[in-house]
């Protein structure tokens, strides 16, 4: 990937328009691309972007599954009964739900935007002017998170099913820090030090993410003087409930794991084994098989157990590659329509490169899912880098203002993991906490981490090398987008509050009202995109 496009002359993020732009000499893989027509090149690059977004969707599914295992990890706690002096063994969750939503879920699903902004900052290091790709994408991503993702989550529950936020106090804390993030961004761009970012402003931006974590934890634990006196309603014992397996698999048990892990066998991703933390075995839910609880048996079979476990996980890893190379499943072969079979095979063929690449992600049975979690983030970061290069070239070839591309196509594509994760949470969880928390917290993470860290990198370099702040090109256009976003977000939150007061739930409800809410949220997003695009293009 190479580029002959000058990034320091303002053409990349300035007031470039489609009319009268110079011929772009940038190329993605081969120099021969520059000999193609601009229309055909634009089509190919947008096709490449779409394919990258498909890859992001695929890796997000693995990321979410690995994160479930991380959050569901339990630890063994031994206590002494004061009355009988007997040992009492219980298991408690390692992760706090609120912290898991803000750190693992929101940070992980926002990783494409964070990676893109950080890569953009590193490429721009040494330049007195900040790159615009990162901030534009993150503001556009905030709008996509708040409007389209809320819209999808509202209609995801089954007809008549209601899902509400169980812990309103934590949500209000997350909502406050989300709104404050964009107020803070406007202050440092327009009020405090107009059009420049200092090292201390960038540092304060990053540190506020830590304040968000501490405040949310204090609210979850109901610390006096630091939390709102709002009672918490019912909350499920599990971060994500276990899935009900197919009856044909109820007696298909593959093995046993550790004291704090049990196996649930379901039909997901072609019979991949799923590990979750401790559930009750009540006979009505999924079938589980637990480890023997006697100490003698555990000690005598410990070595043999770990050998079997390692062999089983390795066999699962092998199955990932076999599954990636399988174009037609047993279910597809049973279809009577040849056209449907061909369509499914064609789609699997398109996905095959991604499936084969992501098969290198270890099964999420290793180390409570941490290895798969980290590998997923690395793949997400790699795809974000390719997306950055493609978007640079699209802006160069078409002459479209890079901010417009950043907060429309690029923001929507990189926010796809947020959409997938929130949709999964809205479908599988019994409450709306994580689905909505992922949206509000992702917006906070976008500012405090996604913009804060790239600006900290560039401001630190400029401060120590040139003793100069970081200058922001088109700060007025970015500030205008922030104001439009703030106004439209008030309309979004007001509807969520109205649904809570009337329907007693933020998500689901009667289909007609769910779809009315969906249309309203999508209109808010269209208003944001149109007004922001017109502003940065110099039309209004």
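Every residue, even glycine, has its Cβ placed from backbone N, Cα and C.
Those TrEMBL annotations? Automatic predictions, nothing curated.
Copied over from TrEMBL, here are the features:
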{"type": "DOMAIN", "residues": "45-216", "note": "domain 'Sodium/calcium exchanger membrane region'"}
{"type": "DOMAIN", "residues": "369-532", "note": "domain 'Sodium/calcium exchanger membrane region'"}
{"type": "TRANSMEM", "residues": "43-64", "note": "transmembrane segment"}
{"type": "TRANSMEM", "residues": "168-187", "note": "transmembrane segment"}
{"type": "TRANSMEM", "residues": "199-218", "note": "transmembrane segment"}
{"type": "TRANSMEM", "residues": "367-386", "note": "transmembrane segment"}
{"type": "TRANSMEM", "residues": "393-413", "note": "transmembrane segment"}
{"type": "TRANSMEM", "residues": "445-464", "note": "transmembrane segment"}
{"type": "TRANSMEM", "residues": "476-497", "note": "transmembrane segment"}
{"type": "TRANSMEM", "residues": "512-534", "note": "transmembrane segment"}
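In this chain, the transmembrane segment (168-187) does not touch the transmembrane segment (393-413); fewer than three CB pairs sit within less than 8 A of each other, excluding pairs fewer than 6 residues apart. The list of residues near the transmembrane segment (43-64) in space but at least 6 beyond its ends in sequence, with Cβ under 8 angstroms from a Cβ of it, reads 28, 33, 36, 108-109, 112, 350-351, 354-355, 357-358, 361, 364, 372-373, 376-377, 379-380, 383, 386-387, 390-391, 393-394, 397, 409-410, 413-414, 416-417, 420-421, 424. Counting Cβ pairs closer than 8 Å to the transmembrane segment (199-218), the top stretch among 168-187, 445-464, 476-497 is 445-464.
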